[in-house]
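> According to Swiss-Prot, the protein carries these features:
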| type | residues | note |
| --- | --- | --- |
| BINDING | 28, 29, 30, 31, 32, 33, 34, 35, 229, 256 | ATP binding site |
| ACT_SITE | 57 | active site |
| BINDING | 267, 270 | Zn(2+) binding site |
C-alpha cells in the first residue's frame, strides 16, 4: 500500500461530475450489478435533471428490482419525476428494425442475408439502433446495467465490424450490381443494395460517434462491481485492463456482499467467509487503492427490492457503510 491518502470510499465523485453522460455498471453475474446501477440512478435523480436507466442484460432484472414492469420504451419509475427505465434486447430490436423496414422484396432479404453473414453485424446494428433511439431522447445522464463481463465491451468492436460489412456489400454491389438491378426490375421494388448500404453507413456513423463519447472521461465512466472472492477479483482485473486498452475511464470499484460478523458471534462459517473476504479485500486495496474509489457494501439479510429499499440502499453509495458494533 502506498503512503498516499486513500480516495474517498464512495461514488460521490460520479454525482459531482456533472459532465458525465454515460455511466456503465459491469462485472461478473450475481455480484449485484443491477442493485448498484439502480441505486446509482436513484442518487443521480436527486442531482441531475433527467436520468435514464437501461438494462442490456438479457436477464432483465430492472423490473424485478423496482417491482415494476419495464419494456423497450423509456418508462417513468414509480415515485420519481425524472428517473426512467427501459429493458432492451439488442438482437430483438434489430429484428424489429428489419421487419419494419424490409419493403424491398426478396432481393432486399438477400442483401440483408449477405450483410448478416459477417460475424457480429446483427449485434452491431442492434446496438446502433438502440443508441439511435437513446440519443433521440434528451436525458441528462444514462446509466447502463450491462450484461455479465465478456459481453459488456462487445460494442467497442462494432465500428470495425460494420466497416467490414460495408466493404463486402460494396464489393458485391460492384460485381453483381447490374444483375441485381435487372432481377429487381423483374421483381419490382427499390434498390436493396443502396438501401442496405445507406442503412449500414448511418449505423456505423452513430456507433463511431457514440464510441468517441465513450472514450471521453469527461462524458463516460465505468463502475466495476465485484464481490470479495478470487474469481470475481480476477474478472475485475481483466475488465479493468480491457477498459484501459479501449481508453474507457474507470476509477470506481464497488465491493458487494461483505460480511461483518458481530462480536461474540459463534457462526464458524461466517467467520471463515469473513476472513476469506478480508484477504481478497486487502488484495483489492493493494491493487487499486491509489487510483480507485473502493466502495464497501454489506451482505444484507433481505433482498433489495422495491423503490423504498433501493433508496435506502443507495445511501451507502455516498456515505461509507459503518458496521454495527
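A Cβ is built for glycine as well, from the same backbone N, Cα and C atoms used for every other residue.
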> If we check Cα distances from residue 32 (ATP binding site), which of the recorded positions 57, 267, 270 wins as closest?
57
> Please report the number of other Cβ atoms within 10 Å of the Cβ of residue 267 (Zn(2+) binding site).
12
> Which number gives the other C-beta atoms within 10 angstroms of the C-beta of residue 229 (ATP binding site), all protein chains shown included?
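Residue 229 (ATP binding site) is surrounded by 17 other Cβ atoms within 10 Å.
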> Tell me which of the recorded positions 57, 267, 270 ends up closest to residue 34 (ATP binding site) in space, Cα to Cα.
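That would be 57, the closest of 57, 267, 270 to residue 34 (ATP binding site).
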> Among the binding-site residues 28, 30, 34, point out the residue whose Cβ has the most other Cβ atoms within 10 Å, with all shown protein chains included in the count.
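Max Cβ neighbours within 10 Å, all protein chains included: 34.
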> Sorted by position, what residues of the same chain at least six away from the residue listed as 'active site' have a C-beta under 8 A from it?
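In sequence order, 33, 34, 145, 146, 147, 148 meet the Cβ cut-off.
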> Counting other Cβ atoms within 10 Å of each residue's Cβ, which of the binding-site residues 32, 270 comes out lowest?
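It is 270 that, of the binding-site residues 32, 270, has the fewest other Cβ atoms within 10 Å.
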